[in-house]
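K.L.:
I'd like to ask some things about the structure below.
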Amino acid sequence: MSHQQQQAHFDISSNSTLTTNTIATTTNASVSSSPQLNKAQMAIAEAMALKMHEEEKKKREEKKRKRDNEELLSKQVRTKLENERKKLDDSESINASTNQELYSLFNDLQMISHDHNISFDTPELVVVGMQSDGKSSFIESLLGFQFNIVETNIGTRRPLIIQMINNPSKQQPSCRFKKEDYSNSYGGSSSSTSTTSGNSNHNTDKQQNVSSSQGGGGGSNNLNEDKWEEYETPVNELTEEIIRRTNERTGRAGDRVSSIPIFLRVEFAHCSNLNIYDTPGFRKGGDERLKYEISEMVKKLIEPKNRIIVCLEQSNVEWANTISRPLVKKIDPDFSRTILVNTKFDNRVKELRNRESAHKYLEGEGIIAQKKPFFISLPLKRNLETHRFKDAMKETFLDDYRKLLEIGFDENRFGGQIGIYKVRQYVENLLHEKYQQNLLPSMLQLESICKKTEADIVRVKKELSDNNIVTLKEKVMRFVSNFNGQIERLLEGSVVGDPDEFGQTLLQEKENCSVQPWPGYNFDFDIQNSNYSLYGGAQYERLLNEFEFVIHSKEFPETSINEVASAIGVSKSHNSPIYELAATNIFQTKSKKVLLPLIDIVLQRSSYIMKRLFDISVSILGKDENESSHTVSLYEHFLKELQSQYEKFIQTIESECKSRLKDDFEMFTKIVDWNLLSGLTEIKPYNYLKVSPEETKQRVISIMDCKKLEDEPLSRSRNIDDDTYQKVCMIAGRLFSGIRFFFSKLIRNKLNAFFLDPMFQKLGSFVTDYFSKLNDQKYEEMFQLGLKELENKLHKLEFQLIDCKKNRDKFKDVYNRMKQSLNQNQNQNSSSSSNSASSSNNNVIIKHQQSLNGKFSTPDKNSLTMSPFTSPFTQSNYHQHNNNNYQINQQPLDINNDHYFDQN
């Protein structure tokens, strides 16, 4: 017997003896005082004493049992926490090597795809939520380091797009911002062109091609370096730089937002290749205009179907009162591409008193079946070094987990939903799926390139063996004729050029045309088809529509009172002021300054659109193997000669059209026809001198919507006071608005008559005449050089074929490794399911299969360790749904079958 047990026995014996003695003393006293007390009463007293003794004994035993249970529970909690901590530590070391292998592998695949012009999209996450829901802290946890953006309100005014690039050589984060042009921005701008809705290689939204055109994904080899700042920004200066860029675009008042994103490129050895969008927070109250602008901006960001939405809500907000989730549901009704995350869980977990209350909360209310949210807490401390930040995240997670264990929550049921590590693992799995979804199509495209290269080699060899001047002349004339016809078809409207490949959105057109932007234009009008990839006549017509919006948005320039006073001179025959003459002079000068530059820009943009058709037409004709004359497209020197004549023709009509337009502008402004203006009812008079951007926007929309409004009479005055100044300026502004309206219509007509029509009527004869008049010597010079070019091209094609086959085999090797890993995981899954039914519902394989069928579920709760090929990759037939998720049939592909690619 232990010392404690002996002591307890002694206490019980002592207490029992004391109680018995007390009762005995009382009884003896009673007997002595009452001789009539019988033995039955004595027995009752003894029984009562024994009962009291037993009750006291039970209480002591209950206290001891409770104390033992608490000690056992505490020991179990400590053991589980230590196991969880060890699991986290082990996963860090394992993932450090396995993920690095994966990143390196997919970097190679992305570079191969880039070299062969194959689409290989970088996955994208869009983080949305209310203000103070912890969006920036969540992003920091994915990045692995803090940059203190959460201490400011800058995230509420401009989207921040972080392009994470895995770079093994960067053991510390390397951060660079994308260059920005603030020349057309001003503090009062509420928004700008819709540059934030789009995706990589998704043609309905290609204007925001951050993965390719803006430089994201796949390592720095794919980046257009001149779009990024030459210098790196230290991590501790990121916040200051983001604030500066935000204020430059939206002003310092804090009451404006801009849809133009800030791009931040982060190269780091310990991150995935991923684009993350940090969005302005939804507003619950305050300025209704600001709430609406933010809501619309975020909707545009989450609309692209390829983007994964991370919807954050604070854990202390009741399920029925959530705001972000209903807004996201409007865009993603079944949450098929949405991850639900409840932040600041540490504020909620301390309110959970028992197992039942914990389970009720963790199950969630009003959420689609099988859609389980994550619950995370993140460190509150700021300015932590990278390794301390990781340790703080670990301790924060373990603290939440400890509190849940203490109230006995079901680990098997809810463990996979707790902590940032489960979210990160889940996101990693999704990234692997996205990469794998790219793998098979890329492999098929590589095989197609191999076959095309083999066919090109055959064509070049045949052309080299059959080459003489007479034959080449005939081929050239047929090719030129077909080329002219193809240009006409592209202008009239045709999809033969593949808009997905050759089309441009309005943003892409502006970025690639090398033409200066519209001066002083900073509005987000709904330009027709601006988000669609167009070429030819459709792209030209979109430009004219944009031009009308631009010219109507031009306001009468600020005019000083000195200018007005100087413009009111004297007549040859009298000294009476002529206000109409003063207003006319001011109007003529200001109109030339504001409107004339637009002529140059619209003509240069028109020429750019027409010049693009050369490459499109040559590509179409070169793919037509049924026409033997199209083999002349193999001769680079001939194509350069043809392109030279084609662009010479465009430059000629551009010059002629510019001359006519400027002459017409002089005609319109030289002599003012007041009767013409007085009959104009489309323009409603307004204060031409003080116009806000919002008023300009509404006025342009009303004009473009053809609303009929009233006119205004002229007025006179003699004194050069403020009233006279206002009247003269209003007259000049009235003249300006009239010319602005009529001239926009005139330019459209002139462009169609003197720029577009010659492309139909004169281009064919111009190019045909040129080549028909070339002498034999010129042909010999042109095609003798072409023979050397063909020989060089043959060598390049042969080398390309070798390289392409090597890369194709590399893709096959990756695929086989994934398939092998899948089989191993399936075997492990089968084994574990026989031991535990609950764990089989949460393993990684089933999670992936559910995700690929459009449902995201909870990641594996039993392990944070993930090999680089945990995700399954099966049957090649992709069935694309409306939400752009992919179903994959379950039988594995045998790509090693020699006839596989022939069958597909």
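Each residue, glycine too, has its Cβ placed from N, Cα and C.
Quick paste from Swiss-Prot:
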- 129-136, 278-282, 343-346: GTP binding site (BINDING)
- 44-102: coiled coil (COILED)
- 781-811: coiled coil (COILED)
- 67-90: compositional bias 'Basic and acidic residues' (COMPBIAS)
- 183-213: compositional bias 'Low complexity' (COMPBIAS)
- 853-876: compositional bias 'Polar residues' (COMPBIAS)
- 877-891: compositional bias 'Low complexity' (COMPBIAS)
- 129-136: region 'G1 motif' (REGION)
- 278-281: region 'G3 motif' (REGION)
- 343-346: region 'G4 motif' (REGION)
K.L.:
Please give the sequence-distant neighbours of the coiled coil (781-811): residues at least 6 beyond its ends with Cβ less than 8 Å from one of its Cβ atoms.
P.N.:
108-109, 112, 116, 439, 442-443, 446-447, 449-450, 453-454, 456-457, 460-461, 463-464, 467, 469, 472, 634-638, 641, 774
K.L.:
For the region 'G3 motif' (278-281), find every same-chain residue at least 6 residues outside the stretch whose CB is under 8 Å from a CB in it, and list them.
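P.N.:
Same-chain contacts beyond the flanks: 126-133, 135-136, 139, 149, 155-162, 257, 294, 297-298, 301.
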K.L.:
Count the Cβ atoms, other than its own, that fall within 10 Å of the Cβ of PHE282 (GTP binding site), considering every protein chain shown.
P.N.:
19
K.L.:
Pop the mean pLDDT for the region 'G4 motif' (343-346) in here, whole number is fine.
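P.N.:
In the predicted model, the region 'G4 motif' (343-346) has a mean pLDDT of 89.
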K.L.:
Can you check what DSSP calls PHE282 (GTP binding site), collapsed to helix, strand or coil?
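P.N.:
Its secondary structure by DSSP: strand.
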K.L.:
Do you know which of the binding-site residues GLY129, SER132 has the most other C-beta atoms within 10 angstroms of its C-beta?
P.N.:
GLY129
K.L.:
Just how many other Cβ atoms lie inside 10 Å of the Cβ on LYS135 (GTP binding site)?
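P.N.:
Excluding its own Cβ, LYS135 (GTP binding site) sees 28 Cβ atoms within 10 Å.
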K.L.:
Validating a neighbour-count step here. Other CB atoms within 10 A of the CB of PHE345 (GTP binding site): how many?
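P.N.:
The answer is 26.
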K.L.:
Look up PHE345 (GTP binding site) in the DSSP assignment and reduce it to helix, strand or coil.
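P.N.:
DSSP call for PHE345 (GTP binding site): coil, neither helix nor strand.
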K.L.:
Residue counts in helix (H, G, I), strand (E, B) and coil for the compositional bias 'Basic and acidic residues' (67-90), per DSSP?
P.N.:
24 helix, 0 strand, 0 coil
